[in-house]
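Going by Swiss-Prot, these are the annotated features:
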- 1-19: signal peptide (SIGNAL)
- 38: N-linked glycosylation site (CARBOHYD)
- 72: N-linked glycosylation site (CARBOHYD)
- 93: N-linked glycosylation site (CARBOHYD)
- 106: N-linked glycosylation site (CARBOHYD)
- 130: N-linked glycosylation site (CARBOHYD)
- 151-177: transmembrane segment (TRANSMEM)
- 178-221: topological domain 'Cytoplasmic' (TOPO_DOM)
- 190: phosphoserine (MOD_RES)
- 192: phosphotyrosine (MOD_RES)
- 210: phosphotyrosine (MOD_RES)
């Protein structure tokens, strides 16, 4: 895509200034690595004390107005965009610089500067320049490596957590062991109480009923 754009626009004839045209020069190509770019448009015309309009367009047919500023050098200028671009800019004696931010890969295209003198008459603008190809590169984010301090803190927390977990396990085992011993002692005491011989209670003596002794001698006589 970029090669086709270069072939299509790099061989345009040089802009020839005429009485009704302004000469504008741009860099042929800008590479964007951090989603921001500054595009300077140099013109050979004295805009001082004149009402003018400076704008930046996107696409081979300049269909999208990226950024624009209206005014003159005696009043503050506000760069703005009506198409969703994050733009700002700066005016110089012979240069208009457009600051574009938060660019995306799909916004890679050719961009054209346009300078117009609105007042006083006659109306003047520039011939279409060769343009500037803005190539927005895709960003690849690498995971940040933890610093030595954060790594040390992490391992300290891991060791402390392991010690606390081990201590909690020991306390749990000790409590369980004590509970089992206590339960066993209660069972032994209960069995001992059941096996202890009981003292017999008082028993009644059974006496034979009294019977008088018989005198066998009387029977003999």
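Heads up, the Cβ atoms here are built off N, Cα and C, so glycines get one too.
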**Request:** Express the distance between the Cα positions of residue 106 (N-linked glycosylation site) and residue 38 (N-linked glycosylation site) as a whole number of Å.
**Result:** 18
**Prompt:** Just how many other Cβ atoms lie inside 10 Å of the Cβ on residue 106 (N-linked glycosylation site)?
**Reply:** 7
**Distant-in-sequence Cβ neighbours of residue 38 (N-linked glycosylation site), under 8 Å, six or more positions away** = 97, 98, 99, 100
**Message:** Most Cβ neighbours within 10 Å: which of the glycosylation sites 72, 93, 130 is it?
**Reply:** 130
**Asked** Do you know offhand how many angstrom separate residue 93 (N-linked glycosylation site) and residue 72 (N-linked glycosylation site) by C-alpha?
**Response** 12
**Request:** For residue 38 (N-linked glycosylation site), name the DSSP secondary structure in the helix/strand/coil scheme.
**Result:** strand
**Item:** Conformational class of residue 72 (N-linked glycosylation site) under the three-state DSSP mapping
**Value:** coil
**Message:** Give me the CA-CA distance between residue 130 (N-linked glycosylation site) and residue 72 (N-linked glycosylation site), in Å, as a whole number.
**Reply:** 26
